[in-house]
Amino acid sequence: MQQQFSALRSICIKARRLNVWVGNCGECVVSLGAPGARVPAFIAQGERFFLDDSVYVATGFMFSFLVLVCSCLLQSELVATEGHRGPNRHVFYAVHMDGGSKAARALAEQHKLEFIQRVGSLKGLYTLKDSRGRSNRTCFEDGLASAVGVHWVQRQYCHYREKRDLLRGLKLRTAHSSQRTESAADNQPEESKSDQTLTFNDPLWPLQWELFAQGEFNFSRFDLNVMPVWKNNITGKGVVVSIIDDGVDHTNKDLRKNFEVFASFDLLASHGLSHDPMPIKDEENSHGTRCAGEVSMEANNSYCGVGIAFNAKIGGIRLLDGPVTDAMEASALTYNIHFIDIYVCSWGPRDNGAEMDGPHYLTEQALRLGTRKGRFGKGSIFVWAAGNGGMYDDHCGADGYINSIYTISIGAITQSGKPAFFGEPCAGVMAVTPTGSGYGDYQPLVTVTTTGDGCVTHFPGTSSAAPIAAGILALALEVNPALTWRDVQHLIANTAKIPDPEEPGWSINAAGYHVHHRYGFGVLDAGLMVQQAALFQKVGRQRTCTQEVAFDSPRIFSPGDGVTLRIHSDGCQWTSNEISSLEHVQVRLGVSARCRGDLSVSLESPGGTVSMLLDSRPNDASTAGLKNWTLMTVHCWGEQPRGHWTLKVTDHKGEVWRCTRQHEEETAGALLTATLILYGTYHSHQSSPDEATSPDCPSLWLDLVLLCVFVWR
C-alpha cells in the first residue's frame with residue numbers, strides 16, 4: 001500500500017508541477033502562452049499522456065480519471081486556471097481564416113473566445129482559446145467553422161514529445177578501441193592533428209576530445225577536424241542558432257555573451273507572451289541549456305569549455321516542459337524565420353520501439369514554409385536528433401520527423417567511430433557526430449553547460465549529436481551565408497567521411513556515395529565542409545516527381561511472407577519535373593497488418609541501392625498497420641531515377657511476442673496503397689564524390705580562398 005501511495009503522490013507532484021488537471025477527459029488542451037493561463041493540459045480520451053520517463057497513464061476514461069483525481073486528492077490541493085471557477089476547461093483551436101489578426105480578434109469576440117496569437121509565421125492561422133463549458137461542443141465548432149472568412153477550425157490535442165538524452169541515472173561506460181583501424185577519418189591533414197596554434201584557457205577544454213583529440217584523450221586520433229577552421233578565424237560569427245527545447249538558461253556564464261533574445265521565445269509563459277526562455281532550474285529541465293552550450297559556449301573566458309561555433313548567437317524556444325500541441329510545434333519551428341538560421345530539435349516521439357508518430361498537419365506546413373521562405377528564401381535549416389531507441393530495437397523509419405525531407409537527421413557514434421549502442425538505424429539518417437557512449441573504460445563524453453552557473457562533462461545521446469552538427473553548419477554558413485537548405489544537405493553528402501570502414505553495412509550507391517543505415521553518409525568533417533562551402537555553387541531548383549501506383553485490389557500477403565511491387569519510373573521525363581539526379585526518395589504507404597511490429601519495408605533503386613525504410617520492431621504490437629505513412633531514404637543521392645524500383649513489404653511473424661497471432665491464420669496483411677515520390681534536380685550541379693576535393697590535399701589553396709572571402713567582407 002505504501003508503494004502505491006508513493007507512486008500516486010509522485011504522479012501528483014509531477015501533475016502539479018505541470019499544472020495538469022482533468023477537467024474534461026474528452027478534451028486535450030495545452031497553453032500557447034495565453035495571458036493568465038497556468039500552462040497546461042487535459043488528457044485526450046483514448047490517448048496516452050506520459051508523466052515521466054518511466055510512468056505513463058493509459059487514459060481510458062476511468063483509469064486516468066481515478067489515478068489523477070485520487071493522487072491529487074492525496075495532496076489536498078486542486079489546480080485551477082486563474083480567473084476561472086472550477087477545474088481548468090480551456091480548449092484551444094487553430095483557425096485558418098482570411099482578414100488577418102484583426103478579423104481573427106473579431107471572430108474571437110463574436111464567439112466569446114480569447115485571441116491568443118498567430119501560429120508562428122503561418123499565414124492566416126491563429127490560436128483561439130475557449131474557457132467556457134459548452135453543452136454541445138460539436139455544434140459550437142460547426143458554427144465557428146462556418147463563420148464568414150473561416151476556412152477550417154482544428155481543435156488542438158496534446159501529444160508527448162521526448163527529449164533525446166539517455167534515461168536519467170543510467171550509468172554509462174564509454175569505450176575506446178585498443179587496436180585502431182586505419183580509416184578515412186585518420187587521414188586528416190597533419191596540421192589539424194598536431195599543429196595546435198590555438199590555445200584556450202577554458203578549464204574543460206582539454207577534455208573536449210570530440211573537437212580536438214589531444215593528450216590522454218587522443219585514444220583514437222578521431223575528432224571533428226574543427227581546428228583548421230578556427231585557425232582561419234571562422235567561428236560562427238553572424239550566424240543565429242535557436243534551440244527548441246525545455247528552455248535555455250542564458251544567465252550561465254558561458255552562454256551570457258552569445259545569447260540572442262530575438263531568437264528566443266517562451267511558448268509556455270504563464271502571463272502573456274515572453275521572449276525569456278528561462279527553464280525551471282532543475283536537472284530535468286537542463287536539456288536545452290546543454291544543447292546550447294555545445295553550439296556556442298564562449299571561448300577563452302576561463303570557464304567551462306568551448307562551443308563549436310563559439311561566436312555564433314544562440315537562442316532558445318521553450319516548448320517541452322509538458323505535453324505539446326501541433327500549433328505549438330508549428331509556432332516554434334517558424335518563429336522569426338528570417339532571423340534564425342538554424343533550429344535544433346533534440347526531441348521527437350517516444351523512443352520505446354512501440355510508437356509511430358511524426359509531425360502533424362500544422363507542423364508539416366511549418367517545416368515546408370521554413371525551407372521555402374525562411375532566411376529570406378534560402379530556407380531555414382532544421383537539425384534533428386535521430387533517436388535513442390536502439391536499446392528497445394526501435395527504428396527511426398517509425399519517426400515522421402526523420403522521414404521528412406526538410407530535416408537533417410543526425411545520429412551518434414562513439415570515440416572510436418562505432419555506432420552508439422542507443423542509436424537507431426534507418427535510411428533517413430543523414431550523418432553522425434561523435435558523442436561517446438560506448439561500453440568500456442570511463443571517458444568524458446561531451447562537455448556542455450547546464451542550468452545555473454555550471455557545466456558537465458557527460459551529455460550522451462543523439463540529443464548531443466544534433467547540436468554538434470548545428471555548430472558545424474554554423475561555421476559553413478559563416479563562410480558562405482548564401483547556402484540554401486538543400487545546399488547544406490549536399491555539402492553533408494559530399495564531405496562526410498567513413499569513421500569505421502570495418503563496420504558491416506557500408507555500401508556505395510550508383511552515384512558513388514558511401515551510405516550506411518547507422519551512419520548516413522558518415523561523420524561530419526568541419527574542415528572539409530567549410531572548405532567546400534566557400535566555393536559551393538547553388539543547386540538547381542528542386543523538382544518533385546510523384547507516381548501513384550494503381551491497384552485493382554489490395555495486395556494480400558501471407559504470414560511470414562510479403563508482397564513485392566515493381567514500379568517503373570521514367571523520372572517524369574519530358575516534363576517540367578524531369579529529374580536526372582536524385583536527392584530524397586519517399587514512399588507513402590497504406591498497409592493493413594495483424595501486427596505492425598512484424599512489418600519491414602525495403603526499396604531498391606534502379607541502380608541497385610537497397611534502403612531499409614522500416615525494419616521490424618519487437619515492441620510494437622499495434623494492429624493499426626501503416627495509415628498513409630511516409631518513409632524516406634537518402635541512400636539514392638545522386639543516382640538517376642529511371643528504371644524499375646522494387647518495393648518489398650514483408651511480414652516477420654513471431655518478431656513481436658506480445659502480438660496474438662493464430663497458427664492457422666491465412667493472411668498477415670495487405671498492401672493497400674503505394675506512392676513513389678522522387679526529389680532531385682535535372683542537371684548535375686556538382687562533381688561526383690570521387691572528384692570532390694580530398695581531405696588529404698594541402699590546405700594552402702583553402703587559406704587563399706578564405707583570405708579573399710575575409711577581404712571581400
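The first residue you see is number 1, and the count goes up from there.
Keep in mind that glycine also has a Cβ here, set from the backbone N, Cα and C atoms.
Listed features, source TrEMBL:
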type	residues	note
ACT_SITE	Asp245	active site, charge relay system
ACT_SITE	His287	active site, charge relay system
ACT_SITE	Ser463	active site, charge relay system
COMPBIAS	177-186	compositional bias 'Polar residues'
DOMAIN	539-684	domain 'P/Homo B'
REGION	177-197	region 'Disordered'
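Cβ contacts within 10 Å of Asp245 (active site, charge relay system), excluding its own Cβ and spanning all protein chains shown: 30. The CA atom of His287 (active site, charge relay system) is located 8 Å away from the CA atom of Ser463 (active site, charge relay system). Every protein chain shown contributes to the tally, and the Cβ of Ser463 (active site, charge relay system) ends up with 29 other Cβ atoms within 10 Å.
Take the CB of His287 (active site, charge relay system) and look out to 10 A: across all protein chains shown you find 29 other CB atoms. Across the domain 'P/Homo B' (539-684), mean pLDDT in this model comes to 96. Between the alpha carbons (Cα) of Ser463 (active site, charge relay system) and Asp245 (active site, charge relay system) lies a span of roughly 10 Å. Helix, strand and coil counts from DSSP across the domain 'P/Homo B' (539-684) read 3 helix, 72 strand, 71 coil.
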